[in-house]
Amino acid sequence: HNGYKATDKHKTDLNFENLKGGDDLDPNYVLSSRVRTGRSIKGYALPPHNSRGERRAVERLSVEALNSLDGEFKGKYYPLKSMTDAEQEQLIADHFLFDKPVSPLLLAAGMARDWPDARGIWHNENKTFLVWVNEEDHLRVISMQQGGNMKEVFRRFCVGLQRIEEIFKKHNHGFMWNEHLGF
């Protein structure tokens, strides 16, 4: 894979101060900026294989962790199961929410099993920090905003992701990680 050897080690740098540039992208060309990643929680099967009970446990743990965030990260969880169709469509149109998988590959892998049970979106009050729960990963963490200040988007992403990881570790559920493959 592009020269990545079996002995290579994955490098992750979530120190936002190490980002060079990114705060002066041309507003004539950049409408919005986004950074996102997926995380899987240790102790639970990955989404294509987890049971309804595991998916619900991931949702409970995630909601508890996310609802404990404060400051710029204070927010609320919205389960898909209790959203109206209009609310879902609006969040999808605003690029905040994922939709039910339609790809034959994802469907064959079981990604839509029990849809929409134990799936949802959590976001901060400004809708600039979002977490999708039980989409293709246990968690999909997203920092986004209008304009081209990628430095600010990346700062929020790094700080928020690190806070979430700390909370999960306090609950004895860190994120899956491998020194060769990463997260």
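Note: Cβ is positioned from N, Cα and C throughout, glycine not excepted.
Source: prediction; values computed, not measured.
Annotation comment: TrEMBL describes Ser32, Ser33, Arg34, Val35, Arg36, His95, Arg140 as ATP binding site. If you draw a 10 Å sphere around the CB of Val35 (ATP binding site), it holds 17 other CB atoms from the protein chains shown.
Here TrEMBL flags 29-183 as domain 'Phosphagen kinase C-terminal'.
The maximum pairwise C-alpha distance among Ser32, Ser33, Arg34, Val35, Arg36, His95, Arg140, the residues recorded as binding ATP, is 18 Å. The Cβ of Arg140 (ATP binding site) has 18 neighbouring Cβ atoms from other residues within 10 Å, across all protein chains displayed.
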